[in-house]
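Take a look at the structure below.
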Amino acid sequence: MTATKGLEGIVATTSSISSIIDGVLTYRGIDIDDLAEHASFEEVVYLLWYGKLPNKSELEQLHADLSASAPVADSVIQQLKLYPKNTNSMAALRSAVSALALYDEEANDMSPAANLRKAIRLQAQLPTIVAAFARIREGKEPIAPKAGVSVSYNFLYMLTGNDPEPIAVEALDKALVLHADHELNASTFAARVTVATLSDIYSGVTSAIGALKGPLHGGANEAVMAMLEEIGTSSDVEAYINNKLANKEKIMGFGHRVYKNGDPRAKHLQKMSRELGKITNNMNWYDMSIKIEELVTGQKGLKPNVDFYSASVYTSLEIPRDLFTPIFAISRVSGWTAHILEQYENNRLIRPRAEYTGPVNQKYVPIESR
Ligand code: ACO
């Protein structure tokens, strides 16, 4: 038995949800470029769960279900108020999502219909939790979700209490479309491993949030913004990046395990970053990002991934840096739940082997002799 470090190149499951073939990402066979251009996030959620685009009445029904499920149990909101104010926002989300299960009467109902209803509730309630936590830690009261608006609109509304500008809703919606699913990424794999024991959907999503939190996965978008803030201006980019590369340090937001010729999602966010920079009259983050890309791609051949330009997009939307990864979760929960439902449909315990590299032929030594 020989291990493959990081399971690189290992095909661990079959799935009909999303694919990356020759660098092209599709959801249910539809190119991400097509979806980024034309689809709303809710259409994508439907596509991931049901395997087809919704017709008008199916989409209206999904909007209505998400709207009706968006309020979060008061007990969970009360718990958020007890978390230390400086709690990491992903740790808060992980804990609150785990707590949601305690107040869901269907938490342990494993029927497909109940699991789909729980998927809707999770998709609807993650944005409410993230926005509520963001306000509570600033000493403000959470804002109840608004009925009859999209997930993107509602999230921005619950964060600020103001009706968002159409361009802000459009930008966030595009980001949610682009982050919704990504084949067997680390957090989705974590979710599938968890539910393959026939554990419940809340356990699966809680595992996934824990996996997404790390800076080699979803946490990279926050790390990108921290880097941009640390550099400060375009004129300081070159010295900073050259120094990092000379020290063999990683530049966050670059590289990918699967895409070696570039992440197809990055260009859409780059375009949005430029548009928002113009609208907000602040091109600094975009200009710095372009310069970083030129240097890193030029010197290392590494291309930006989805996290790189999402940092400047969210900053232009005045979203606090430590909410970037929770926003990733707000979107990816659609993919996690689609994969969890698919895993349940055709389940087998996921239990790989390890190549043993420890000592052999050891004897137990009594404690007095150690
Ligand atoms: N900056 C500088 N060098 C890099 C980077 C980077 N961002 N990414 C990879 N490399 C280099 C590595 O140092 C390594 O060089 P070496 O062979 O000389 O040692 C080589 O490229 C291969 O890198 P690995 O880390 O082994 O590649 P792996 O496939 O394991 O990792 C990963 C992929 C984690 C995305 C990596 O590129 C990385 O750490 N990037 C920065 C973090 C990041 O942006 N993560 C988000 C990924 S997308 C997502 O999850 C949504």
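Positions of Cβ are set from backbone N, Cα and C atoms, glycine also.
Feature annotations, courtesy of TrEMBL:
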type: ACT_SITE; residues: His256; note: active site
type: ACT_SITE; residues: Asp307; note: active site
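Taking only the Cα positions, the spacing between His256 (active site) and Asp307 (active site) is 11 angstrom. In sequence order, Gly218, Ala220, Asn221, Val224, Met252, Gly253 are the residues of the chain that are 6 or more apart from Asp307 (active site) and have a CB within less than 8 Å of its CB.
Using a 10 Å Cβ-Cβ cutoff, His256 (active site) registers 19 neighbours.
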